Amino acid sequence: MQFGVLGSGIIGLTTALELQQQFPSAQVSIIADRFNEDTVSYVAAGIFRPGTSFMGPTQEITQQWMTDAFNYWDELRRSKEAPLAGVCQLSGYIYSRTSPSIVRNHFIEKLLPVYRRATDEELRLCQGGWKYGSFFTTCLTESRLFLPYATNKFLENGGQVVRQHVKNFFDVQQNFDVLVNCTGMGAKELCNDQHLVPIRGQVLKVRAPWIKTAFYGDYDTYVLPGFETVTLGGCRQFDSYNTEWCKYDSMAIKERCYDLLPSLKKAEIVRECVGLRPHRAIVRVEPELVTNAEGRRLKVVHNYGHGGYGVTTAPGTAKYAVKIVREMLAGNSKL
């Protein structure tokens, strides 16, 4: 049995590892032209906190993705490999002056070990006159550590890595039993998918070791401590393909984050990063039988369109995608 995985970001790697786990005797290959620091995943802050608008094919399936993903990250966090994998526990606050619904999250309120209303005293921890707030405890995955960890694990399991830019599914040299498409924004060209839209994000990575708690405010403002740096964000620019750093976005992020936590003004800026999140209103995890002009057929399972929640949901959608792979091989998939 031979499987190919297109893409080596967090979606591709978790999918490849899941294939190795479910099909231990199979040969799994990752085919990509970008790895580690060249992927969008590398920029991500990696906190397990999905957006409430995130959506799979059904509400039930989406919730299952969340449950499977959190269990994966939490199990890894509890293991002795956690520091190497870059997974830790993190607590934080979500604040809003606008609406109590902003600080609620139906996906994770019952899933996380702690998700509760913030006290009046906690609302005053940060400047801003916050009216509403929640406190929660979750997992954080530092992609800068997890991506090489997952790659090494994949190779140790006998996986192969092929460096190739794939413009067409039939460009792939090997005859795979199933090809899993985890190409993120690359799927726009590969699948001619007009529903896939980039949401541009920009963040600052600063050295602020005294920040041990995550904070969210209105207008996509967040402060997320990681293993070595603290991520300050952010912005969500719909349908923007600009991968260049913007000084005006940087100024706005600093202003909002410094207002939230004035001590950040003395933090050293380590780097500034830009990424294009591959957003789809309904995340695409489904089978397709692709046929070319010569009549050659290829079994494909798509797994892309996670937007800014790739790290959060990757293990959950990987598990679901591999379930579809098994159904395709058994002839039970709904094509």
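Placement of Cβ uses the backbone N, Cα and C atoms for every residue, glycine included.
No curator has checked TrEMBL annotations; they are predicted automatically.
Annotated in TrEMBL:
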type	residues	note
BINDING	Asp33, Arg34, Val166, Thr183, Gly307, Gly308, Tyr309, Gly310, Val311, Thr312	FAD binding site
BINDING	Tyr222, Arg277, Gly308	D-dopa binding site
DOMAIN	5-322	domain 'FAD dependent oxidoreductase'
SIGNAL	1-16	signal peptide
*asked:* On the 0 to 100 pLDDT scale, where does the domain 'FAD dependent oxidoreductase' (5-322) sit on average?
replied: 95
*Counting Cβ atoms within 10 Å across all protein chains shown, which of the binding-site residues Val166, Val311 comes out on top?*
Val311
*Taking the Cβ of Asp33 (FAD binding site) as reference, which residues of that chain separated by at least 6 in sequence fall under 8 Å from it?*
Arg163, Gln164, His165, Val166
*Rounded to a whole number, what is the top Cα to Cα distance in Å among the residues the record ties to FAD, namely Asp33, Arg34, Val166, Thr183, Gly307, Gly308, Tyr309, Gly310, Val311, Thr312?*
26
*Enumerate the residues of the same chain, Tyr222, Arg277, Gly308 excluded, that satisfy the criterion Cβ within 8 A of the mean position of the Cβ atoms of the recorded D-dopa site; list them in sequence order.*
Ala44, Ala45, Ile199, Gly201, Asp220, Gly233, Gly234, Arg236, Gly307, Tyr309
*Calculate the distance in Å between the alpha carbons (Cα) of Gly307 (FAD binding site) and Arg277 (D-dopa binding site), and round it to a whole number.*
5
